[in-house]
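Down below is the structure, laid out as structure tokens.
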Amino acid sequence: MPSRRFADGEVVMGRWPGSVLYYEVQVTSYDDVSHLYTVKYKDGTELALKESDIRSQSSFKQRKSLSSSSSPSRRSSSRSRSRSRGRPAKGRRRSSSQSREHRDDKKKTIQETNLALLVLGFSDCLFFKPSENNTRSYNGEPETTEKNDKSFVILEQKLKPDPETERVLEHYSLRPRKEERKKEEIYSEKKIVETVKIIEKAPSKTKELEFGGRIGTFILIFFLPATVFYLLLMCKQDDPSLLNFPPPLPALESLWETRVFAVFLGWFSLQALLSLLPVGKVVEGLPLSTGRRLQYRINGFYAFVLTAAALGTLLYFQFELHYLYEHLLQFAVSAAAFAMLLSIYLYLRALRAPEEDLAPGGNSGYLVYDFFTGHELNPRIGSFDLKYFCELRPGLIGWVVLNLAMLMAEMKLHNQSMPSLSMILVNSFQLLYVVDALWNEEAILTTMDITHDGFGFMLAFGDLVWVPFVYSLQAFYLVGHPTAISWPAAAAITLLNGIGYYIFRSANSQKNNFRRNPADPKLAYLKFIPTATGKGLLVTGWWGLVRHPNYLGDIIMALAWSLPCGFNHILPYFYVLYFICLLVHREARDEHHCKEKYGLAWDRYCQRVPYRIIPYVY
């Protein structure tokens with residue numbers, strides 16, 4: 001077993017990966033398995049280096065002293081003594097390499113002499129400005145007041161050195177050698193930085209396939225719509241028990257209605273128009289692989305307020321909103337058909353997109369996989385970002401509209417003047433969730449959906465179908481299966497939702513604020529582990545308790561949304577089970593992504609924060 005050469009805390013010289021430059025670093029740890037040293041640069045960057053890439057500072061000092069031991073004058077004097085009369089004939093004989101060196105020195109001397117004359121002549125002409133009486137002026141100050149600017153311009157153009165002269169001037173610079181050496185070091189550092197940037201920008205094929213690869217994604221394209229229709233059909237049954245599988249299927253012709261599809265298109269178009277309104281601030285997203293930042297209009301909350309005002313106006317004029325409840329299955333079919341058409345359009349346009357615009361997770365080269373995960377990262381029509389729009393607008397706001405439609409349908413079907421307490425709790429909790437997302441719309445720009453995942457069938461179907469029709473499952477269930485709860489139970493459920501929301505919001509706020517501006521004095525209390533990417537991993541606050549505290553808040557809120565439905569059937573708790581499975585999958589993706597991105601820093605973070613979602617449990 002090889003012994004380590006450098007101790008922890010020792011200051012050494014570490015080679016920057018991919019270059020020949022060494023920088024002063026400090027050894028922080030050593031891995032006995034991989035035999036790699038973890039070193040820390042002065043700017044806080046931590047990297048893992050091999051022992052061959054690390055050298056002691058004394059070796060650099062010795063090399064410097066050796067290189068400066070022989071002076072140029074000494075070498076020139078030794079050459080001058082080489083042709084002495086007292087030397088034998090063999091000593092006077094000159095090798096071919098020495099002859100070439102002599103010829104090169106002679107040629108260089110002639111060129112430098114000509115260059116000196118050229119520089120003197122050029123500088124003399126440069127300060128000369130002819131006037132009408134042919135007087136001379138030096139340093140730009142004429143001896144006479146009469147000038148001929150036109151003749152000066154022509155002469156100035158003639159005096160510009162030709163390309164060959166510029167090459168000689170550049171090659172035989174009169175600057176000191178120390179300045180030249182410094183310039184070469186700066187140039188080499190710039191070339192290394194440019195090379196690293198080119199490597200980072202170079203698109204790569206997706207090697208690790210998720211969701212079961214090509215076969216898994218092919219199955220999901222059909223399984224996800226079937227799951228939505230199954231849940232909606234089960235909620236319609238008098239006894240929505242799992243033992244009643246399969247539910248009675250309606251006639252195929254009853255699943256499609258052109259009027260319903262037209263209403264859905266009108267809803268999608270309305271939200272698109274509201275997103276284009278010139279209200280709200282414009283912010284920049286995170287840097288792309290090319291270094292470019294896209295701009296986004298933050299006006300989701302304004303769109304929600306305008307939509308609420310429009311709905312209020314329709315209700316004032318006796319518009320029957322429970323129409324959505326009566327045709328919910330047809331709306332789900334219309335939304336699924338639109339999501340499929342949109343996904344086909346997105347994939348076809350991605351085939352013509354530049355390589356740098358493709359999603360890192362959807363560039364496998366397999367049609368089905370890339371179609372499902374999304375081939376293009378940020379598809380845009382002009383400044384209209386399709387993925388960003390669908391993430392929050394038509395589906396999320398549509399979720400609130402469907403919940404309100406269920407509330408109105410419950411009152412009408414059961415002849416109630418007021419909605420039930422259970423329905424009020426479900427609507428209130430989920431309304432808070434949607435309003436929070438729209439109010440903090442800018443935070444979505446740092447999520448993996450925007451920065452990593454492409455826009456394909458997975459996100460299109462999820463945003464337009466799964467979110468509005470599955471997330472409103474509790475409200476849809478309560479319409480046909482009313483559940484009475486007591487006020488103490490309602491208070492306890494409200495407290496539980498408040499705890500989940502507090503964890504969710506405070507954890508996300510800590511993360512987003514730290515990502516936006518780590519140097520903010522308000523965040524000075526937060527401790528973090530520096531990484532090689534320049535970013536930090538929080539180890540205090542919620543992120544010092546578990547690695548994904550926002551997921552913990554999501555699970556608690558999902559449970560609070562389902563509890564008002566009672567315990568007669570498991571169907572309302574499908575959302576909780578789904579959410580747990582989804583978050584476990586996302587957590588695994590995040591772990592893998594962070595391991596690749598942060599390397600040893602992520603291992604240190606996992607050692608310091610061992611629990612993933614639930615403290616002391618998981």
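Just so it is clear, glycine is given a Cβ too, placed from its N, Cα and C backbone atoms.
Feature annotation from TrEMBL assigns domain 'Tudor' to 4-62. What TrEMBL records for 58-108 is region 'Disordered'. Residues or ranges marked as compositional bias 'Low complexity' in TrEMBL: 58-75. What TrEMBL records for 76-95 is compositional bias 'Basic residues'. Summarising the annotation, TrEMBL assigns compositional bias 'Basic and acidic residues' to 99-108. Residues or ranges marked as transmembrane segment by TrEMBL: 211-233, 260-279, 300-319, 331-348, 459-479, 485-504, 525-546, 566-585.
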**Asked** Short question: which residues 6 or more past the ends of the transmembrane segment (211-233) have a Cβ under 8 Å from it?
**Response** 246-250, 328-329, 332-333, 336, 366, 368-369, 371-373, 457-458, 461, 465-466, 469-470, 473, 476, 571, 574
**Request:** Please work out the helix, strand and coil residue numbers for the domain 'Tudor' (4-62) from the DSSP assignment.
**Result:** 9 helix, 27 strand, 23 coil
**Fill in**
Other same-chain positions with a Cβ less than 8 Å from the transmembrane segment (459-479) and lying at least 6 residues past its termini are 224-225, 228, 231-232, 235, 240, 325, 328, 331-332, 335-336, 338-340, 342-343, 346, 374, 387, 390-391, 394-396, 398-399, 402-403, 406-407, 409-410, 413, 420, 422-423, 426-427, 430, 449, 453, 561-562, 564-565, 569, 571-572, 574-575, 578
